[in-house]
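S.K.: What TrEMBL shows for this protein is this:
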- B:59-80: transmembrane segment (TRANSMEM)
- B:121-139: transmembrane segment (TRANSMEM)
- B:146-167: transmembrane segment (TRANSMEM)
- B:278-299: transmembrane segment (TRANSMEM)
- B:305-325: transmembrane segment (TRANSMEM)
- B:346-368: transmembrane segment (TRANSMEM)
- B:398-415: transmembrane segment (TRANSMEM)
- B:427-445: transmembrane segment (TRANSMEM)
- B:451-475: transmembrane segment (TRANSMEM)
- B:482-502: transmembrane segment (TRANSMEM)
- B:565-586: transmembrane segment (TRANSMEM)
- B:606-626: transmembrane segment (TRANSMEM)
Amino acid sequence: MLLQPEGARAAGKAKRIVSLDYGLAQTMIALGEPPIAIPAVPDWKTWVLEPPLPAGVANLGSMLEINMEVLQQLEPDLILTTPYLEASRHLFERVAPVEVLPVHATGTPPWPHILAATRRIGTLLERESEAERLIAQSEETIVQAGARSGRLRDMPCFFVNFYDLYHVRVYGRNSLYQDVLDRMGIANAWQGETNAWGFSLIGIEDLDIGGDAEMFYFDPVPPDVLAALGRSPLWQNMPFVRSGQVAHFPTVLMFGTLPSATRIATLLADFGSNDGF
Amino acid sequence: MASDRSVKGAALVSLSMFLPALLGMLLLILWQVPAERLYAALFAPDIAMVGELRVHYSLMPRLAVCLASGTALGLSGAVLQQVLQNPLASPSTLGISAGAQLALSIAILFFPGLIGWSRDAVALSGGMIAVFLVFAFSWRQQFAPFTVILSGLIIGLLFAAVSAALVLHNERYLAGLFLWGSGVLKQYDWEAARALLPRLAVLTLLVVLMMRPLILLGLEDGASALGVNVLVVRIAGLTLAAALAGVVTAQVGVIGFIGLAGPALARSLGADHFKRQLFWSPVLGAALLLITDVAVQLLDAVTNISLPTGAVTALLGAPVLLWLLPRLRMINKPALSSPTAGHHRVRHPALLLTLLFALALAALWLSLSFGRAPDGSWQFVRGDMFEALLPWRLPRSAAAFAAGTMLAISGTILQRFTGNAMASPEILGVSAGAGLGIVAALFLLSAPSYLALTGAAALGSLFVLILLLGIILSGRTSLNQILLAGVALSALLSSVFAILMATGDPRMMQLFTWMTGSTHGITPAPAISAGICAVIVLLLAPLFSRWLDILPLGRDTAQELGIGLKLSTLTLLGFTAFATAAATLVTGPLTFVGLMAPHLARQCGFARALPQMVGAALLGGTMMLFADWLGRVVDFPWQVPSGLVATLITSPLLLWLLSRR
């Protein structure tokens, strides 16, 4: 139970909650109670985009080195975080109670963890019914998106992140993409091994997808990668490049929660039915 | 004849590397295409067959790039070693790779168009800027070998620190640079090979044209008498070697130690004449790189673990360095002016020390009360807010001060003891040991706590400490050799680090923050232990002051005065290692405070050992304190790690000092 400083905060009044993870912050925003602070506020546009971050959310600085002075001065009631920051947990506990919610990097598919985290956040915000509704709506949106995803229904696709000139991160089992694709009934063309985070770092020449597939790459793309690939015969002759099935996927937080999942599904459905985003 | 033997030996060793490498290469090719399509795959691949395309556009260009890079680096190393007359010289000691990497980081962040236009040009100009700086700072010393290498190392570290600061602010965005930085030889067309081969040909021709003057340069006293303008030859030689390494760096990134190992192997096989070195260093360099790269590719094919070749060769670098040590005849006299010479002496050291103490206190008060509010505005905090923030600010400030103090005392001891004004506690490799301990903890434990990380770091330091004592007890007590063994350990750490970074594991960011010297995670407990260690060090330091006053006078004098050399070496080194380990746990391996504080103390006029130690301790502590405060406010709410800030502040000072000598 959370301690209530005597008289300071009346019961029922909105809690001051900080989220140290973008994904958990997404869920809080979706439930209508955005966090008072998150790390790296300016990067939200680069990595998350949707849902938009409300104005006035304080910046806690680096993702890995939360600015403790700022955190202290904000006097939060609760700090939400993931096991990613386990090494700094003892610091956060000196400011406010800490709730650790594992979502990604568990070595298992993130979906059940996302649902559990959503319900837990619902409880913490005293918005249990909203959380259940968010889950039900998200699941429905994804299934419906699957139904209207047009040509993608018969076309496997895969997601990559250009890492540098020679390497990509390709997403598979244990990633949010895989879970969304499964629920939409679309096949992931990448069936290779992945790490606990759900991606595999491989050389571009190993992007050997047997048969037809659609490749989606997302931001950020290192500046000279596309130009250099354009010159490479090896790249030009990859089946998905030869058939022109390479598309730039709009920004989605790959380590996100339900808002990311529905966004991926909706974008895929739009792409499959309109042949573009 | 010795020369016949040398030719046979070097040829045998080269073949024993080339043959298995080419066999492995054949295996890799047959993995992709059936034997009857081998010829077609090599020369005219069927564009519908992915396997044949891979052979033609990935494996073959990789082989070419690999051979060209190894040749260029071996040649570069041979020329550098001849010019500097130092068997430890190698392309990386000029800071070329760090300069290239920094230029790329800056271009990606601020001028992406430049990268799109020519990545090579950006990397190359960064490398050349580093070389130019090294030249500028060693100008007054007429490019004396020691000054050149030292300037190169410092510039390399400074550039790496700036790159690190950029990465920390842009966390995930620059991740690819790590991979690039660690020397990945992957190819998917002939671009890099086509760029490398003609450049290599032209540069090789130039080296051959310069052979005669370079040989004369090796004849020490003879050089000037023979009518060679030593300065011109040195500049030309360094430029050529830098260009050879720069071309490789621009195409494939940093490939560690091939430039050192190639020439070293050639020399050990009897290639004592420069002409032979010039031939065998590139051959052996290419052979070494090829066999490493084929091993890396086979590992990738079998286990799907993809390692950056450049980082793996760097891994081989540490053993090579250690193996070279006994061969090295380092001059055991002060390479630069002795640490006590040429400075005014302060008349009342006690008064000046009191002043420095007051300065430290003022800095402490300022760091605790002056900072920034959540909205970014500047504020002096008092009362309740001061008390609320104190638990966050005091441990950091105190730990930083304690660490600076210990580094400064270690530095003073090392500099006085070795008579080498550039000795530094970081060079002992104790901090590298701490880093390896942290790496182990991060990968063996699933989510290690701060305490676990600290314990692992301490174990790592202890391991190196025992290793160092072992080396000393084995009988080889030359201090320069011990310092170089420390450098070899640091090199081992950085290659392990580069390999792990290249795995793209998000956990690595955590290690990265420690490497940069972050005080973010400092709670009262580690701050108190750092403080206790600092007090112990400060209390014990005066016991060594007599030794340290006498040792700079020379080994013979010291022995006449009855100081057992082995005992004093052992005690001083153990003490220094302890102080360095305790400090490194706080600041990471990346500061020059241990190098700079003793110098500043001498500039203040503290000539004798005890006042110099105390003065350096106060100055070192204040420097770290200031670095920590600056790191908290300058990029608010991001926090620049104090070790990094310290490096950024101290290294330009150091370079200036170096060039003035």
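Any Cβ shown, glycine's included, is placed from N, Cα and C.
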S.K.: Under 8 Å between C-beta atoms and at least six residues away from its ends: which parts of the chain pack against the transmembrane segment (B:346-368)?
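M.R.: For the transmembrane segment (B:346-368), the list is 386, 389-390, 393-394, 397, 401, 604-608, 611, 614-615, 618-619, 621-622, 625-626, 628-629.
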S.K.: Considering pairs 6 or more residues apart, do the transmembrane segment (B:59-80) and the transmembrane segment (B:606-626) have at least three CB pairs under 8 Å?
M.R.: no
S.K.: Would the transmembrane segment (B:565-586) and the transmembrane segment (B:606-626) count as touching if the test is at least 3 Cβ pairs under 8 Å, pairs 6 or more apart?
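M.R.: Per Cβ check, the transmembrane segment (B:565-586) does not touch the transmembrane segment (B:606-626).
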S.K.: Counting only residues 6 or more past its boundaries, what in the same chain has a CB within less than 8 Å of a CB in the transmembrane segment (B:278-299)?
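M.R.: Residues packing against the transmembrane segment (B:278-299) from afar: 10, 13-14, 17-18, 20-21, 24-25, 27-28, 62-63, 66-75, 77-79, 185, 207-208, 211, 255, 258-259, 261-263, 265-266, 269, 271, 305-307, 309, 312-313, 316.
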